[in-house]
Amino acid sequence: MDGVNDSSLQGFVLMGISDHPQLEMIFFIAILFSYLLTLLGNSTIILLSRLEARLHTPMYFFLSNLSSLDLAFATSSVPQMLINLWGPGKTISYGGCITQLYVFLWLGATECILLVVMAFDRYVAVCRPLRYTAIMNPQLCWLLAVIACLGGLGNSVIQSTFTLQLPLCGHRRVEGFLCEVPAMIKLACGDTSLNQAVLNGVCTFFTAVPLSIIVISYCLIAQAVLKIRSAEGRRKAFNTCLSHLLVVFLFYGSASYGYLLPAKNSKQDQGKFISLFYSLVTPMVNPLIYTLRNMEVKGALRRLLGKGREVG
């Protein structure tokens, strides 16, 4: 950051989740348990998508990509959070903070784009079933995944670069438990209106455009589903789409609330828990949402466990 003094180069102090030290062990246990569930749930989906031949479809290719993103998304912030909750030190190095800023933005924006890609995949599956395999071929699937990754990287470079140009005010106390743009803007001296405008502009683009595409896709999907004569077919299509819509609502809702509110005006404790929601809670519940009513995943898991018992 321009104007950064020597002390700031030594690192930042993460203020954490709560101002009450007596609650830190409770938060540590709860967050550790949630993180372990995140690792288990998303790793299971990735393994099933790779090992089960019946799941070698575009839908599960993108779902395994989403699980990989969720694993990385949670891992970019939770281990540091656990370290700070466990010990007396609440610091993060300058390099660690900057790395976290870039990676968190990259993964978050990539997930925004990937959710749009998954909506497109569902649209083709429901509205163009006879051409689904031809349209969603492996080459296109990989291309869409790469576009999502590069789009997220572009967002990270733009927002992080603008944020790192801000001069610091002298103190190194980052409100919250991770280095992200709204928290870093609060550390700045002088006029931050340009940074806030860039933040709002980029976040609005990564929210309004994807959500518009998703809404249009699901309106078309709903029309197609209502034309299905089989009640079982309608139920299966609605269940698959409902899972994706719930994930979209959780991720976009919490991320938009955390990033589009003015950094200077948002409530401190509220902002911390919103950040916790999209950095840990959403990655934890995504596997549950996609698998609880998904018979294909349940069947694949039973077959995999059955093979494990036979080998044992």
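Glycine is no exception: its Cβ is also placed from the backbone N, Cα and C atoms.
The feature disulfide bond is assigned by Swiss-Prot to Cys97-Cys189, with sequence analysis given as support. Classification of Cys97 (disulfide bond) by DSSP places it within a helix.
According to Swiss-Prot, the feature N-linked glycosylation site maps to Asn5, an assignment based on sequence analysis.
Look at Swiss-Prot and you will find 1-25 (among others) tagged as topological domain 'Extracellular'.
Summarising the annotation, Swiss-Prot assigns topological domain 'Cytoplasmic' to 50-57 (among others). Residues 64, 296-297, 299-300, 303-304 of the same chain, all 6+ positions outside the topological domain 'Cytoplasmic' (50-57), place their C-beta atoms under 8 angstroms from a C-beta of that stretch.
Taken from Swiss-Prot, the feature topological domain 'Extracellular' applies to 80-100 (among others), supported by sequence analysis.
Here the topological domain 'Cytoplasmic' (121-139) has, by DSSP, the following mix of helix, strand and coil residues: 16 helix, 0 strand, 3 coil. The topological domain 'Cytoplasmic' feature in Swiss-Prot is assigned to 121-139 (among others); the stated evidence is sequence analysis.
Taken from Swiss-Prot, the feature topological domain 'Extracellular' covers 159-196 (among others).
Swiss-Prot lists 220-236 (among others) with the feature topological domain 'Cytoplasmic'. For the topological domain 'Cytoplasmic' (220-236), the number of residues in each DSSP class (helix H, G, I; strand E, B; coil) is 13 helix, 0 strand, 4 coil.
The annotation topological domain 'Extracellular' is assigned in Swiss-Prot to 260-272 (among others). The average pLDDT computed for the topological domain 'Extracellular' (260-272) is 56.
According to Swiss-Prot, the topological domain 'Cytoplasmic' annotation covers 293-312 (among others), on the basis of sequence analysis.
What Swiss-Prot lists as transmembrane segment is 26-49 (among others), and the listing cites sequence analysis.
For 58-79 (among others), the entry in Swiss-Prot reads transmembrane segment. For the transmembrane segment (58-79), the list of distant contacts is 31, 35, 38-39, 41-43, 45-46, 48-50, 100, 103-104, 107-108, 110-111, 114-115, 117-118, 121-122, 125, 132, 136, 141, 144-145, 148, 177-178, 240, 247, 279-280, 282-284, 286-287, 290: same-chain residues at least six beyond its ends, Cβ to Cβ under 8 Å.
Sequence-remote contacts of a segment are chain residues at least 6 beyond its ends whose Cβ falls under 8 Å from one of its Cβ atoms, and for the transmembrane segment (101-120) they are 59, 62-63, 65-66, 69-70, 72-73, 76-77, 144-145, 147-149, 151-157, 159-160, 163-164, 178-181, 184, 206-207, 210, 213-214, 217-218, 244, 247-248, 251-252, 255, 278-279. As annotated by Swiss-Prot, transmembrane segment applies to 101-120 (among others), with the evidence given as sequence analysis.
Residues 58, 61-62, 65, 102-103, 105-114, 117, 120, 198, 202, 206 of the same chain, all 6+ positions outside the transmembrane segment (140-158), place their C-beta atoms under 8 angstroms from a C-beta of that stretch. Summarising the annotation, Swiss-Prot assigns transmembrane segment to 140-158 (among others).
Note on the transmembrane segment (197-219): residues 109, 112-113, 115-116, 119-120, 122-123, 155, 158-159, 162, 181-182, 185, 241, 245, 248, 252, 255-256, 259-260, 263 of its chain, located 6 or more positions outside it, place their CB under 8 angstroms from a CB of the stretch. Residues annotated as transmembrane segment in Swiss-Prot, with sequence analysis given as evidence: 197-219 (among others).
According to Swiss-Prot, the transmembrane segment annotation covers 237-259 (among others).
Neighbour count (other Cβ atoms within 10 Å of the Cβ, all protein chains): 23 for Cys97 (disulfide bond). Per DSSP, the secondary structure of the topological domain 'Extracellular' (159-196) breaks down as 16 helix, 4 strand, 18 coil. For the topological domain 'Cytoplasmic' (220-236), the residues of the chain that approach it from at least six positions outside its boundaries are 122-123, 126-127, judged by C-beta separation under 8 angstroms.
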